[in-house]
Amino acid sequence: MAQTLAQTKQISQSHTFDVSQSHHKTPNDTNSHSVIYSTQNLDLWYGENHALQNINLDIYENQITAIIGPSGCGKSTYIKTLNRMVELVPTVKTAGKILYRDQDIFDQKYSKEQLRTNVGMVFQQPNPFPKSIYDNITYGPKIHGIKNKKVLDEIVEKSLRGAAIWDELKDRLHTNAYSLSGGQQQRVCIARCLAIEPEVILMDEPTSALDPISTLRVEELVQELKEKYTIIMVTHNMQQAARVSDKTAFFLNGYVNEYDDTDKIFSNPSNKKTEDYISGRFG
């Protein structure tokens, strides 16, 4: 099955980065991980509002990167540039580059559809389709041309197992996804994302609408997923960022104020504003 879906992808997986030549903000212990995203001198405007300013940020493969900062600082805007969803806003304009596996995603020849196959997204509010669980999971693979029932069945099981919810739902696959709890719906949305075999998963506050038990399950799942995927997660929850992430970027007023290993950010930040934010003095 993996080969069948992989054949529908046209973005080359062979590009690599020479990390030693990076001139961007990088954490210290990155020797064992390749750069998958390199944001270079990125500026973004909503009309006249300069929402992102001179963003330089390298994201490392098979790591969890937390994006933190107060409301309106540019966190969600930034991750939506990574799969170009931000372009759904008519007044948006950008300058600078975002390299995904050494290709500029803003290049006119670069396919947004291909990018969004490789870079999945999970939103703040669970947003399953008004369809059965089975149809939710198979939606993406069907768009990519997979019609074989056996292959689709395998994708459903693999994806739900990947989202740690197969045992809960295996006897309810043809139930409407709206009938599930909020935590179950969010894990179905994660499974739907996994079904198209992305390399990167963007998460925009994926647990903010969930109860504590569901939040814990999603956090445990995120830790497991980084073995196969690169995860970039926006969160307002400082404890969550400290628990689950490897790297943390602190955004403030549209800038990257500090970016480092999560342990360093939360134990000995280099910037006073970072310290003030994570200690709750503002935000």
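Backbone N, Cα and C atoms are what each Cβ position is placed from, and that goes for glycine too.
Here is what Swiss-Prot says about this protein:
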- 1-33: region 'Disordered' (REGION)
- 1-20: compositional bias 'Polar residues' (COMPBIAS)
- 37-278: domain 'ABC transporter' (DOMAIN)
- G69, P70, S71, G72, C73, G74, K75, S76: ATP binding site (BINDING)
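It is S76 that, of the binding-site residues S71, S76, has its Cβ surrounded by the most other Cβ atoms within 10 Å. Annotation note: K75 (ATP binding site) sits in a helical segment as assigned by DSSP. Under DSSP, P70 (ATP binding site) is assigned to coil, being neither helix nor strand in the three-state scheme.
Annotation: G69 carries the greatest number of neighbouring Cβ atoms among the binding-site residues G69, P70, G72 [cut-off 10 Å, Cβ to Cβ].
Residue density at C73 (ATP binding site): 23 other Cβ atoms are found within 10 A of its Cβ, drawing on all protein chains shown.
Packing around G74 (ATP binding site) is summarised by its Cβ count: 22 other Cβ atoms lie within 10 angstroms of its Cβ, all protein chains included. One way to see the shell of the ATP site is to take the Cβ centroid of G69, P70, S71, G72, C73, G74, K75, S76; the remaining same-chain residues with a Cβ within 8 Å of it are T77, F251.
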